[in-house]
Amino acid sequence: MPAEFQVFLQQVVDGIANGSLYAAMAVAIVLAHRTTGVVNFALGEMALVCTFLAWQLAAWGAPLPVAIIAALVFAFVLGAGIERVLMRPLRNKPPLASAVVALGVFLVLNQVCALIWPGAQREFPALVPALNLEFAGVRIGSETLLLIAVLAGQAALLWWFFRHTRLGLRMRAASDNPESAVYIGIEPNRLFTLGWGLSAIFAAMAGILLAPSILLTTGMMFPILIYGLCAATLGGLNNPFGAIVGGILVGVTENLASTYLPFIGSDLRIAAPLILVFIALLFRPHGLFGTVQAERV
Amino acid sequence: MKLVVSALSAGYGNSRVVHDITLMVGPGEIVALLGANGAGKTTILRALSGIIPRAGSIRLDDREMIDVSARDIVRAGVVHVPQGRGTFGGLTVGENLSATQTGSVVREAELRDKVCRLFPILRERWTQPAGELSGGEQQMLAVARALMLEPRILMLDEPSLGLAPLIRIELFETIRAIAADGIGVLLIEQNADLSLKIASQALLLSHGRVVASGRPDEIAGSGIIEEAYLNHAG
């Protein structure tokens, strides 16, 4: 295999690895949006708090799986609690109100995290033994394989949940037409709270999957949130599958652009996926896999 | 199951829209609520569904329902098909029907077969998003979705609104068949003639109050319908 092609393949694989992370965050964003119609800008920092919590529990001696499960349970409570206390009163207000409150939650959680865990960066324990596998000269790490496996599992789980479970159908129904849902005995508020709790779990999983490959800092989730928002917008805000494809496209575009376009380099690498999103939205305003609800009268 | 409403008042915010409403719907009966736009017909159905605050008495057999939540009213067997159909446009026909269910899978399949016998077109449209159905098909879906909840009392708000005359007649025949199955029907319909044809009782509303009630032939022959509509318009 020519060396240049091997470099290209390596960049694509690394892009898929980064993109899987963005996709994990994008799935959380889509889940919150699909169940409540709100773009939850606070998801990144919700993930941050939960990742620090998992680290703290592990540092205190809890087995890593127990620490992670406890952090995910906390994520659910945090997400559901924020929806119940802060978002529900804004349900019938203009969407900007929810967006501004979500940004406020973002700042508060970030500061709370800095207050509880000040100072030096922290190292998160490895989730799987570090291995570098090589296929045709292209390296792929065991953490990346875990990330892809978790993402595939999440995608399959969400597809099954929303298509084939009554709870998933009722969540979609409540999101589609909350007033009408009441007429068939659905309580939309409960399902919205549940939706936010579940989306917080998915965001926390993104944080925990990212953590072993970097040092924990209070700024670590911000870029993931931005890329995740790009991915969700690119794929379509109402489609978890689109979020995954969007995440991978964003990751690969970012990597290839920074490698092959010298004027982008590492400083402007975030610009490449943003341009991609811009171009895609010009042609498909609801994202690559987003759907517009047709309504015949 | 009998729905007995007495001294019901309800409204929005601080304004009361309907006052001192008394009505009864027994098994298999079709009770028509007539009145001009703004007379309070929809408000009565919304009050009975628990969607808006209300006072008075709503009894379902021996159970007082005035303080019962909207969800528990549905569970008790009182189901409302709102004006404008209220289907879930982004869900397929099949998903719209399945979203109602909390019972066993077997029961769901039985109910699905039953509503598809009543509205065969729904089976053909099964995987199509509800938002893409025609107005008549959406109305059928809305009624079918309500029937999936096994109602004892079915409340229909303007089911024929925007439908072609032939489909309207077909829909009213289906409503008659639903009542023949033992379900009490409370029907709001702008087309008074059509609803009086299938109703067993009728109530005429004006300015939020019942101004006349009785058998359809009594109401239709008395001239009070025209009077109520004209008074309201004036």
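From the backbone N, Cα and C atoms, a Cβ is placed for every residue, glycine too.
Copied over from TrEMBL:
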TRANSMEM  A:12-31  transmembrane segment
TRANSMEM  A:38-58  transmembrane segment
TRANSMEM  A:64-87  transmembrane segment
TRANSMEM  A:99-120  transmembrane segment
TRANSMEM  A:140-162  transmembrane segment
TRANSMEM  A:191-214  transmembrane segment
TRANSMEM  A:220-237  transmembrane segment
TRANSMEM  A:244-264  transmembrane segment
TRANSMEM  A:270-292  transmembrane segment
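Only sequence-distant pairs (6 or more apart) were considered; of these, fewer than three Cβ pairs between the transmembrane segment (A:244-264) and the transmembrane segment (A:38-58) are under 8 A, so the stretches are not in contact.
Comparing A:38-58, A:64-87, A:140-162, A:191-214 for CB pairs under 8 angstroms to the transmembrane segment (A:99-120), the maximum falls on A:38-58.
In this chain, the transmembrane segment (A:12-31) does not touch the transmembrane segment (A:64-87); fewer than three CB pairs sit within less than 8 A of each other, excluding pairs fewer than 6 residues apart.
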